[in-house]
Amino acid sequence: MSRSRQPPLVTGISPNEGIPWTKVTIRGENLGTGPTDLIGLTICGHNCLLTAEWMSASKIVCRVGQAKNDKGDIIVTTKSGGRGTSTVSFKLLKPEKIGILDQSAVWVDEMNYYDMRTDRNKGIPPLSLRPANPLGIEIEKCKLPQKNLEVLFHGMSADFTSENFSAAWYLIENHSNTSFEQLKMAVTNLKRQANKKSEGSLAYVKGGLSTFFEAQDALSAIHQKLEADGTEKVEGSMTQKLENVLNRASNTADTLFQEVLGRKDKADSTRNALNVLQRFKFLFNLPLNIKRNIQKGDYDVVINDYEKAKSLFGKTEVQVFKKYYAEVEAGIEDLRELLLKKLLETPSTLHDQKRYIRYLSDLHAPGDPAWQCIGAQHKWTLKLMQDCKEGHMKSLKGNPGPHSPMLDLDNDARPSVLGHLSQTASLKRGSSFQSGRDDTWRYKTPHRVAFVEKLTKLVLSQLPNFWKLWISYVNGSLFSETAEKSGQIERSKNVRQRQNDFKKMIQEVMHSLVKLIRGALLPFSLREGDGRQYGGWEVQAELSGQWLAHVIQTIRLTYESLTALEIPNDMLQIIQDLILDLRIHCIMVTLQHTAEEIKRLAEKEDWIVDNEGLTSLPCQFEQSIVHSLQSLKGVVDCKPGEASVFQQPKTQEEVCQLCISIMQVFIYCLEQLSTKPDADIDTTHLSVDVSSPDLFGSIHEDFGLTSEQRLLIVLSNCCYLERHTFLNIAEHFEKHNFQGIEKITQVSMASLKELDQRLFENYIELKADPIVGSLETGIYAGYFDWKDCLPPAGVRNYLKEALVNIIAVHAEVFTISKELVPRVLARVIEAVSEELSRLMQCVSSFSRNGALQARLEICALRDTVAIYLTPESRSSFKQALEALPQLASGADKKLLEELLNKFKSSMHLQLTCFQAASPTVMKT
């Protein structure tokens, strides 16, 4: 099977010779496609794959190993190309041996040069020392290549301790430039060194020979004397006689000096007693000194004295010392109890706690005082948190309402929180948000907000020291050096056992903090069993969205401070869950309050119309929503580690429904405004743009609004809401990352269009019905009969009255909104044309004059309102004309044209409004 690539070919290696472990660079062709493709690399028969580093298809770097062959090829094997070949070779040099006393830049493995096992416990032969310069003359290293020397002296060595030593090689390598005279001197030195080595041991033996003989003679004489005395039977041997003599001499001496020795012993005893009192005054005074130093608080002095006494008298058997040492131990036990009591006192600083723990550690107090301190601090923190809640609840019962605790603005540790609150509070909410509010509102903190502020400050004042105390307990810095060394194993065991317990303590503090905040702000999220302990707040009113945002920022800063202590995230996750719930609650409350404020916008409607036929209501509505969303920006935005408030589908749906309800509340306000009785609306003036040249007439300030005018104003507002406001609000929702925007827009638009259509139909009914109703009466006024009538002299008055009424509608609509004119007039004309068609179709027959009169009036009306005709009205006019007989002669057509021109000329001024340029007819 042929391979996909050519076999590797090594064409170069640098360097091409060296000792084992020399780093070489191999170059060639097809050396592999990657590190995993390289499966073999041998140099001089030694596998170097472990040290190989594949650089590219033409380069590999490795180290030469301990090969057996002095010279060999470089073979590369790859998966893709198989076993390769080499055009170059590498020569492996033997490493130069370094003498015992020679300086070397690398660490020398002496076991490779000397066999220490064979040299142990015996003299070192002279040759094993291998002097660095056996000839005794200056060494000058040869500059000839080692390779040439090896070729010249094949199989030989320059090492003079080697079996294949070559003197010529040695001289060429070390003394190539040495003169012959110096070499002769070197031979003399070499002979002298050899003689010294052979004569040294002989001289040592000769010098001590007489001493050896004298020692031998003495030992022989002693041996002979002992053997001779051993045969005698008088008073035993010589040693027994010597013992008797010595005993008699001792007894005689005691008798002579008994009195003197007695006095000496008594003096020595007295002197020793005084020395003991002076020497051990430290121990005898120590119990009293311990009491005094404890009273002064010099615990370090007491501990040092105790350690000294313990080392001197801890294991004494002297009764006096044991008595006084027992008193010392009793005083130290009292000190242990005192220090433990001070350690467990609360409140206490971290410095004092560490100091007392170190004292107790030095005194080898039983148990684990450091852990007892941690437990006491934990209970104290929980008690402070509960007391904080009870204190605020008592304050709330004693000082309800306006007497709320004030925020300490000057001493607050978190100015950014108050800055955020001030920035949020300063948002202008339009006219509807300014009533009944003064500048002092931001300094009146609700009780529950003040409670959260104080609670978080309390936790941040206690927990850092609590955490640092645990860290010191873990790393052993609480204990002294001696205590750390003596109890290190036991303490490590305790730390492993205490880790889970401490984790539970931290979690208990976190749970208590979160539940207390939930009890104050989110009581519905507590379990039934926790409600009494953590809840119980008398909530008179729901917190505003701004205060909730302030609380969220406070808790966020608390979380950041706890994270800075390097507390594990799993212990702080419960705070993140609380922040998420508060963010969702803040959004809900803000949107609900926004809906309430928008509901009150109807009370602020002033009915002042601008040039576009709009009041300030749509703008106020948009501003209200925009300011609400701006106040929620910091709440909706996610801080590091926080989840999105819209991650849960349930939350998305609730927020979407609240947004829809806000839009529908405003739509309901518009409907209420359109149907409100005249007496309930203050419309003492109506302001319009009187500068428009198309205005039919000026409206004075004392003009009262009618129900039809209110309908028109609301319709104009509806049109603006549909084209601009609702779309702008959708963009603001999207900008603030709200979800379900399409649904909000669709539902809101549908409700708005429904209201618009209903109000439009009401207005058309109010305006079109009277005009339509007057047509039939006007046509048949004066017993007019289509079968028997005079030749037409012009358009009759009923049609002129209808046109005047239509002009009045035009004027009324134009006064409010120019854009509504085509839509309203088109529907009115549809109704009029439909009625006119019906009346014409009901006539059984027309006379020649009657047909001409009817055609004149229908054409006059149609031509007058031509710019407002719709397909429906054109169809009605067509049906009306089709119901008439055709004109009999050209004279009738001429008469019809003359009468039409006369009508248009006589009513030119009145019909001007129908001739003005008009936008495309709007929807009906």
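Placement of Cβ uses the backbone N, Cα and C atoms for every residue, glycine included.
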Record-annotated phosphoserine (source Swiss-Prot) among candidates Ser86, Ser432, Ser492, Ser875: Ser432
Swiss-Prot annotation (coiled coil) - matching range among 135-155, 198-218, 240-260, 891-911: 240-260
For Lys454 (N6-acetyllysine), the number of other Cβ atoms found within 10 Å of its own Cβ: 15
Reduced DSSP assignment, Lys454 (N6-acetyllysine): helix
Averaged pLDDT, computed only over the residues in the domain 'IPT/TIG' (8-93): 90
